[in-house]
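See structure below.
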Amino acid sequence: MTPLDAKRPLQLNDQGQLRHFLSLDGLNRELLTEILDTADSFLEVGARAVKKVPLLRGKTVCNVFFENSTRTRTTFELAAQRLSADVITLNVSTSSASKGETLLDTLRNLEAMAADMFVVRHGDSGAAHFIAEHVCPQVAIINGGDGRHAHPTQGMLDMLTIRRHKGGFENLSVAIVGDILHSRVARSNMLALKTLGCPDIRVIAPKTLLPIGIEQYGVKVYTDMTEGLKDVDVVIMLRLQRERMQGGLLPSEGEFYRLFGLTTARLAGAKPDAIVMHPGPINRGVEIESAVADGPHSVILNQVTYGIAVRMAVLSMAMSGQTAQRQFEQENAQ
């Protein structure tokens, strides 16, 4: 267990409800299932003529992204708007943070504007935990991705994708392929799959892109694509994160594709009804062949759709948990 994992009680209020969403570590199957069930119920909102429910009316959600993002930032904005929240998205490149203002000073200024929730993406592992410890406890913190550590909403939208296409987790074989070492998505997915009862979790990567101690996640490790993909139900491809790499981990992107790229021929070794997933952005011809990314096995665009519903679920549940905690503290202070 890492020091980051030891901080997991921060996420829950005294009634065991979600109040922050920082990591999937330490959250039990019942809570993860509640998130999935709540997200399922929100999917129909996207099909309405008026795509709104009033659950966060009068609340303010601030998106504070210190790393670039398209899908995550946009889907969080849409999720908050569909819950009727007021939404502020901070452009860090043009904010005072670019002039040397610290992370906490930036957030405390937003807190002083009566924000109710921060969605934070940051390049440092543990940033979301740090913020949850040091801002006003009445502000809910949602981790939009922190360094290599965690991307919990991506993990949950991947779980919703799998559940909706496969019905459950108890009899599945799932392969996670690519840059495991630098991937917060891989870590969140491994934790979620284990918690939800998936019996066969595989990781496939070159040895240089496997983290030390990965066996603690209860996964089977493969360094050969043909062997690792044999009879799997789900293939989750990961982007090569060159921006987090130091030299020498890979000879070239072409060599990686030759050995670990998902091609139609390699996918034939999986089950005939296998699904292919990718958190995006996709590097075609590096980790995945276009014919696979756009083919009948791909559910990549479904992931984006499900991501809005999952983020609606997390925002609404965390806000509800914060409200319940304030009421609990007020009652016990009397």
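Yeah, the Cβs are placed from backbone N, Cα and C, and that goes for glycine too.
These features come from Swiss-Prot:
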BINDING   Arg71, Thr72, Arg121, His151, Gln154, Gly280, Pro281  carbamoyl phosphate binding site
BINDING   Lys99, Arg184, Arg239  L-aspartate binding site
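Distribution of Swiss-Prot features across the structure.
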residue: Arg71; record: carbamoyl phosphate binding site; Cβ contacts under 8 Å, 6 or more apart: Pro279, Gly280, Pro281, Val304, Gly307
residue: Thr72; record: carbamoyl phosphate binding site; Cβ contacts under 8 Å, 6 or more apart: Phe65, Arg121, Gly144, Gly145, His151, Thr153, Gln154, Gly307
residue: Arg184; record: L-aspartate binding site; Cβ contacts under 8 Å, 6 or more apart: Gly145, Asp146, Gly147, Arg148, His149, Ala150, His151, Gln154
residue: Arg239; record: L-aspartate binding site; Cβ contacts under 8 Å, 6 or more apart: Gly178, Asp179, Ser183, His278, Pro279, Gly280, Pro281, Ile282, Asn283, Glu287
For Arg121 (carbamoyl phosphate binding site), name the DSSP secondary structure in the helix/strand/coil scheme.
-> strand
Cβ neighbour count (10 Å, all chains) around Pro281 (carbamoyl phosphate binding site) is 11
Candidates Arg121, His151: member of the binding-site residues with the richest Cβ shell (10 Å) = His151
If you measure every Cα to Cα distance among Arg71, Thr72, Arg121, His151, Gln154, Gly280, Pro281, the residues said to bind carbamoyl phosphate, what is the biggest one in Å?
-> 16
Could you name the residues, excluding Arg71, Thr72, Arg121, His151, Gln154, Gly280, Pro281, of the same chain that surround the carbamoyl phosphate site, i.e. Cβ within 8 Å of the Cβ centre of those residues, in sequence order?
-> Ser69, Thr70, Gly144, Gly145, Val185, Pro279
Other than its own, how many Cβ atoms are within 10 Å of the Cβ belonging to Gly280 (carbamoyl phosphate binding site)?
-> 17
Look up Thr72 (carbamoyl phosphate binding site) in the DSSP assignment and report helix, strand or coil.
-> helix
Reduced DSSP state (H/G/I helix, E/B strand, rest coil) at Arg184 (L-aspartate binding site) is helix
If you count Cβ atoms within 10 Å of the Cβ of Gln154 (carbamoyl phosphate binding site), leaving out that atom itself, what do you get?
-> 25
